[in-house]
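J.: Residues annotated as active site, nucleophile in TrEMBL: Cys82. The active site annotation in TrEMBL covers His169, Glu171. Taken from TrEMBL, the feature ATP binding site applies to Ser223, Gly224, Gly225, Val226, Asp227, Ser228, Ala229. If you look up TrEMBL, you'll see 196-394 marked as domain 'GMPS ATP-PPase'.
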Amino acid sequence: MAQGPVLVVDFGAQYAQLIARRVREARVYSELVPHSMPVEDMLAKDPQAIILSGGPASVYEPGAPGIDPKIFEAGVPVLGICYGFQVMAHELGGDVDRAALGEYGKTEATVTDSRGILAGSDDEQSTWMSHGVAVKQAPEGFEVLAHTDGAPVAAMADDKRKLYGVQWHPEVKHSPHGQELIENFLHRVSGLKDNWDPQSIIEDQVAAIREKVGDAQVICGLSGGVDSAVAAALVHKAIGDQLTCVFVDHGLLRKGEVEQVKHDFVEATGIKLIAVDASEDFLTALKGVTEPERKRKIIGEKFIRTFEKAQRQVIEEAGAQGKEVKFLVQGTLYPDVVESGGGDGAANIKSHHNVGGLPEDLKFELIEPLRTLFKDEVRAIGTELGLPDEIVWRQPFPGPGLGIRIIGEITKERLDVLREADAIAREELSKAGLDRDIWQCPVVLLADVHSVGVQGDERTYGSPIVLRPVSSEDAMTADWSRVPYDVLARISTRITNECRQINRVVLDVTSKPPATIEWE
Ligand SMILES: Nc1ncnc2c1ncn2[C@@H]1O[C@H](COP(=O)(O)OP(=O)(O)OP(=O)(O)O)[C@@H](O)[C@H]1O
Ligand SMILES: O=c1[nH]c(=O)c2[nH+]cn([C@@H]3O[C@H](COP(=O)(O)O)[C@@H](O)[C@H]3O)c2[nH]1
Ligand SMILES: NC(=O)CC[C@H](N)C(=O)O
Ligand SMILES: [Mg+2]
């Protein structure tokens, strides 16, 4: 890489990786680092520019994370966002205090000086805010570029030292001019050239995987989903036949999925695939378990034990007797990591089976070439690698499968009912041409809830099915999809007619946040 990275310094924001992603969208390579990294180590990476992220703390409180002011003297352009902006103002002698008015959500900013990072801006700009602390006075040497009702200094610049800050969040899509601000900072102010596209991540990853693996044997957990298919294709490009994919049937899959994955994936990629039926094993381990995090941990562990058991077969088929499988490839993406509490200072929302659900005695070394990326970036890489649209545009399906869509104990009978309802919903949504409009539509069985119905003049006392169609760009935030009523009506009628014990179908109309996409 001719040009060093843009460093995004993470102060514990849910959205820090989103900043890195927006920088890549501006065609510049970027990396995320924790705020606890010494500034010398940051500068040793030869950063071309630095962005300080938001975060939950308040700079004036004891123990709030700060940053060594040497970072502002290194001659590297720095942009502070929200908490990062407050840290910059605080460290350089500005006045930062509790805001007279907190601002959350859509906020109008008055731009008094449209240059530098705000070049091209109108006098009024719609922004997305989330702060209860404000910069009351900018440090010496800074010009104030914008203000809002709650932020007397909403944007500031010191062109001489190339230091910039904004109170709002340019990285979220709800700031309509946010990407312009980020591009202004990178290209106009810092003078960076384009140096990143999906092709370059492929080249970098292929080289890194080759070097790491050497002549060892590698397996890849393959689900038929886009993430593992793209991870497998990348690794296959790097090491060819040293890779064997292992598809686990854990008994929690959807109708027709086993046959479909076996056939479609091999046909599209020509990569070796072993399918393992471990359903008895998984269902036995899950017997009696209702707590979502317990389910996730059991499923995460069982996956690894299944991969371990599959080793022998992999070695035999590869004709690599005497060798061991050293590496496990997973299609882990950044949302899996941050929700599992893996971001610096980020909360644990749920343990994704492939991150927070892994057992402690994991013997394989992990290869996760997509670990810092978001789904839409992964889809671009998949297309670049030549994978067909049916794989690249497949809707996400969680690794723990229907296991986290039965609210209550998982039993074979309940799985059969849910599988049927899910197949009906998928069929009708596809028929209505909604596959690309909808990010995914979890179908959830509230197994322990019962309500009264009347079917064939008889009283029934059955469980409800929840439809959860959502739209999203990266699964970090989501909204409920406005599916046409006639499509919903068809799904409801068919599910209650065709699925035993279901006498009610309900629609989930909650965004993320406050809810998550899956119910568990
Ligand atoms: N049935 C399975 N067999 C083997 N590995 C699996 C299975 N389900 C999930 N995995 C592994 O766990 C990882 C995470 O699952 P996840 O559902 O997030 O990704 P995906 O299935 O590849 O893509 P998508 O999110 O589009 O469904 C996968 O990339 C894969 O490595
Ligand atoms: O492979 C996975 N293992 C998991 O443990 C898991 N949990 C949630 N998901 C998927 O992640 C996205 C975000 O889901 P949530 O809003 O429910 O957190 C959605 O696309 C979910 O389907 C998972 N995928
Ligand atoms: N989103 C943020 O970075 C918030 C910064 C700080 N905690 C505030 O409330 O102002
Ligand atoms: Mg999946």
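The backbone N, Cα and C atoms fix where each Cβ goes, glycine too.
Walk me through where these features lie, including what they touch and how far apart they are.
T.: There are 25 other Cβ atoms within 10 Å of the Cβ belonging to Cys82 (active site, nucleophile).
Annotation note: His169 (active site) sits in a coil segment as assigned by DSSP.
Counting only same-chain residues at least 6 apart in sequence, those with a Cβ under 8 Å from the Cβ of Glu171 (active site) are Tyr15, Leu18, Ile19, Arg21, Arg22, Ile81, Gly178, Ile182.
Annotation note: Ser223 (ATP binding site) sits in a coil segment as assigned by DSSP.
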J.: Would you count the other C-beta atoms found within 10 angstroms of the C-beta of Gly224 (ATP binding site) for me?
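T.: A count of 19.
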J.: Starting from the Cβ of His169 (active site), draw a 10 Å sphere and report how many other Cβ atoms land inside it.
T.: 22
J.: Work out how many Å separate His169 (active site) and Cys82 (active site, nucleophile) at their Cα atoms, rounded off.
T.: 7
J.: Does any of Ser223, Gly224, Ser228, Ala229 have a Cβ within less than 6 Å of an atom of ligand 3? These are the binding-site residues; tell me which, or none.
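T.: Passing the 6 Å Cβ check against ligand 3: none.
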J.: Take the Cβ of Val226 (ATP binding site) and count every other Cβ within 10 Å, whichever protein chain it belongs to.
T.: 24
J.: If I restrict to non-local contacts, at least six residues apart, and a C-beta distance under 8 angstroms, what lies near Ser228 (ATP binding site) in its own chain?
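T.: The list for Ser228 (ATP binding site) reads Cys220, Gly221, Leu222, Cys245, Val329, Gln330, Gly331, given in order along the sequence.
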